Amino acid sequence: RKRQRYVEKDGKCNVQHGNVRETYRYLTDIFTTLVDLKWRFSLLIFILAYALTWLFFGLIWWVIAYSRGDLEHLGDHTWTPCVNNLNGFVSAFLFSIETETTIGYGHRVITDTCPEGIVLLLLQAILGSMVNAFMVGCMFVKISQPNKRAETLVFSSHAVVSLRDDRLCLMFRVGDLRDSHIVEASIRAKLIQSKQTQEGEFIPLDQTDLSVGFETGDDRLFLVSPLIISHEIDERSPFWDVSRGQLERDDFEIVVILEGMVEATG
């Protein structure tokens, strides 16, 4: 029967955060917020961060040229402008791009008779390096996230309850399709179901650990070939008092978490 899942099959948590009033907390950690954004918003912010800084400094370069009278002496070879060959806002914008990206085509160049331009050049060089470090770092972290690596980790479609060594066990299989290994892989399982305490309190999403070998170290995997993960249904298991019929009727979910480091990228 169709059930509303707590965690989807692709690993995404089916939880929506509503009525969050302190939204400023997202801005205090702006780097993580940008990394968590969807790709279309991240690319939009990436483009705007560069385009706006180029426009902002291009406007200041144009204001300096306009205030010094450089635009009024374009054909006067006896006049020393702040920036050579800067004849309007478009050329000021292009000079801003060349300065921040350190392209240096050689046509437009700042002169040594413009102290305000030298100060602005230093500020743009420093701010441009900060924008590069922040945005490129954000893009690198976003690209290197292991979300797509999880696509080659395959779980069995069904879990089974069967006897193993004369002990009743809940079992499922996990395998890695890639040749590069998952280093220090460990696995754990959580049973998520509604619960009512002895005092009458109702807990809608109570989490209970399912032992998959923590005591014996079997939860640490050498995942070079498909492995069968087993949870023994004993007195400590939450399934100990559950019959087969009740197992089919109960509304619960088992979330399996596989953690480790990707060998190729760390």
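Any Cβ shown, glycine's included, is placed from N, Cα and C.
TrEMBL does not curate its annotations; it predicts them automatically.
Computed from a predicted structure; not experimentally measured.
The domain 'Potassium channel inwardly rectifying transmembrane' feature in TrEMBL is assigned to 7-146. Annotation comment: TrEMBL describes 153-266 as domain 'Inward rectifier potassium channel C-terminal'. The transmembrane segment feature in TrEMBL is assigned to 41-64, 118-141.
Break the domain 'Potassium channel inwardly rectifying transmembrane' (7-146) down by DSSP state and the numbers are 87 helix, 4 strand, 49 coil. Mean model confidence for the domain 'Inward rectifier potassium channel C-terminal' (153-266) is a pLDDT of 89. For the domain 'Inward rectifier potassium channel C-terminal' (153-266), the DSSP-based tally of helix, strand and coil residues reads 6 helix, 61 strand, 47 coil.
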